[in-house]
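**Q** When I checked TrEMBL for this same protein, it listed these features:
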type     : residues : note
TRANSMEM : 20-39    : transmembrane segment
DOMAIN   : 21-433   : domain 'Major facilitator superfamily (MFS) profile'
TRANSMEM : 59-78    : transmembrane segment
TRANSMEM : 90-108   : transmembrane segment
TRANSMEM : 114-140  : transmembrane segment
TRANSMEM : 147-167  : transmembrane segment
TRANSMEM : 179-197  : transmembrane segment
TRANSMEM : 259-280  : transmembrane segment
TRANSMEM : 292-315  : transmembrane segment
TRANSMEM : 327-345  : transmembrane segment
TRANSMEM : 410-432  : transmembrane segment
Amino acid sequence: MELRRKSRTVQPAGPLDGGYGWFIVLSTFLVFGLTFGVIKSFGVFFVEIQHYFATTATASSWITSISVATVHFGAPVGSALSTYFGHRPVVVVGGLLSSIGMVAGSYAQDLLQLYITVGFLTGFGYALTWTPTVTMLGWYFEKRRPVANALASTGECILTFILTPSFQFMVDQYSWRGAMLILGALQLNLCLCGALLRPLNRHIPPKELEEKEHELELLSQSHIDSRSSNNRSDSKKSDPLNVKIIRYVDYTLIANARFMVYSMFGVFAALGFFAPSLFLVPYARSQGVEEYQAASLMSISAVLDLLGRVLFGWVANLRLVKTVHQLIVTVILLGIVLLLCPLATTFTQLALFSAGYGLVFGATVSIHITVLAEVVGVERLGSALGFFMLIRSSGGLLGPPLAGEMFTEIWSLVTILSSDIKLFYYICNLFIC
């Protein structure tokens, strides 16, 4: 078939499961930290932006919401561009866009400008850096892929641990605008991450080719059957075009039932993935927790997040149970922990919640990309990541604003209940006296 003729067999740039692959782990480590680590730490800016523009938690949360959604929407674009131009130049361009968006956001005069710069432009830069880097990591590792993914993803929690108090310090010293300007300069390190990505060409295994051909037949069969016998030769002529498109955007994945079911998991996960990290600091401040103590909650979460990723990534690599079964258990535990959040009102209770949330969140994130590679095969991981992120985008877009609304409602309810308790206390004192 044409698909077989177009595949290339080339010697790899380095040995799989080691060698130069560890530099790819380092690059992915930094990309995780400078993209999703920054997003998780951005809650420090929310309080200052709310006060500066006299807006609500919901309105300010749209900055991160748009950024997260753009990362998801732009993931297929990043996958296709990296297939066409190569991973290295696409990641370098993504780093430049991320930096430009953050620097431009530091000069924003209203929330709309922050939506466009920090939300859309920086988010699109993240999409061009994250997807190609994670895809290349999957190519460099096979037997050690769970451990490699876990170690690389720890960049998110380690940099969250470092950046959250650092952002608070920079905001106090230079205002939120100055802190955002420094963050823009920091984002230029994403270009260095792209420079580390040495190209690696791999031969597509026959099994993967057969799956692609079968799913392509499923998608086109109804279209071919509807044509008359005179036009069947025309449909065969379109096959090379379909093959060329699949090389850059493997749309046959939409016929893969397992992939679509896993993508729906991504939608529901994205609804709650970023909400705690965005609103934990404002929620703690609303409970009377001092600002640096509130910021330290994210650091506590990051430390346990790191432990969860390394520990459960190592467990997944032992192959004691199926990785997807391990993922199911960690997701259930994560939901239970999040349900306990409204019960925490003191710093000690919030610290315990942060520790539990970080541990289980890290256990979940460390293996969800590994499971995706097992679902579709490593050779289709680039397109699968793109489509997975695209489908998951609705959850990433709606999650932070919905959490902002709930945060506002919960705080209003707490205020009302607090007033009622005080009133009840005074009435009781009146009757007792």
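Any Cβ shown, glycine's included, is placed from N, Cα and C.
Tell me what's around each of these sites.
**A** Same-chain residues lying 6+ beyond the ends of the transmembrane segment (20-39) with a Cβ under 8 Å from its Cβ atoms: 13-14, 64, 67-68, 71, 91, 98, 126, 129-130, 133-134, 136-137, 140-141, 148, 151-160, 163, 183, 186-187, 189-190, 192-194, 196-198, 274, 277.
Sequence-remote contacts of a segment are chain residues at least 6 beyond its ends whose Cβ falls under 8 Å from one of its Cβ atoms, and for the transmembrane segment (90-108) they are 31, 34-35, 78, 81-82, 114, 117-118, 120-129, 132-133, 177-178, 180-181, 183-185, 187-195, 197.
Under 8 Å from some Cβ of the transmembrane segment (114-140) lie the Cβ atoms of residues 14, 16-17, 20-21, 24-25, 27-28, 31-32, 34-36, 49, 62-75, 77-79, 81-82, 87, 90-91, 93-102, 104-105, 108, 148-149, 152, 180, 187, 190, 193-194, 197, 200, 202, 369, 373, 378, 381-382, 385-386, 389, all in the same chain and six or more residues away from its ends.
Sequence-remote contacts of a segment are chain residues at least 6 beyond its ends whose Cβ falls under 8 Å from one of its Cβ atoms, and for the transmembrane segment (147-167) they are 21, 25, 28-34, 36-38, 40-42, 44-45, 134, 137-138, 140-141, 179, 183, 277, 281, 292, 295-296, 298-299, 301-303, 305-306, 309-310, 312-314, 316-317, 358, 362, 365-367, 369-370.
Within its own chain, the transmembrane segment (179-197) has Cβ neighbours under 8 Å at 23-24, 26-28, 30-31, 34-35, 38, 45, 87-92, 94-96, 98-103, 105-106, 118, 122, 125, 129, 132-133, 136, 167, 170-171, counting only residues six or more beyond its boundaries.
Remote same-chain residues near the transmembrane segment (327-345) are listed as 265, 269, 272, 276, 287, 312, 352-353, 356-357, 360-361, 363-364, 367-368, 371, 410 (criterion: CB distance under 8 Å, separation of at least six residues from the stretch ends).
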**Q** With a Cβ cut-off under 8 Å, give me the same-chain residues at least six positions beyond the ends of the transmembrane segment (292-315) that come close to it.
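**A** Same-chain contacts beyond the flanks: 40-41, 43-44, 146-147, 149-151, 153-154, 156-158, 160-161, 164-165, 167-168, 276-277, 280-281, 284-285, 326, 330, 347, 350-351, 354-363, 365-367.
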**Q** Can you give the mean pLDDT for the domain 'Major facilitator superfamily (MFS) profile' (21-433), rounded to a whole number?
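**A** It averages 78.
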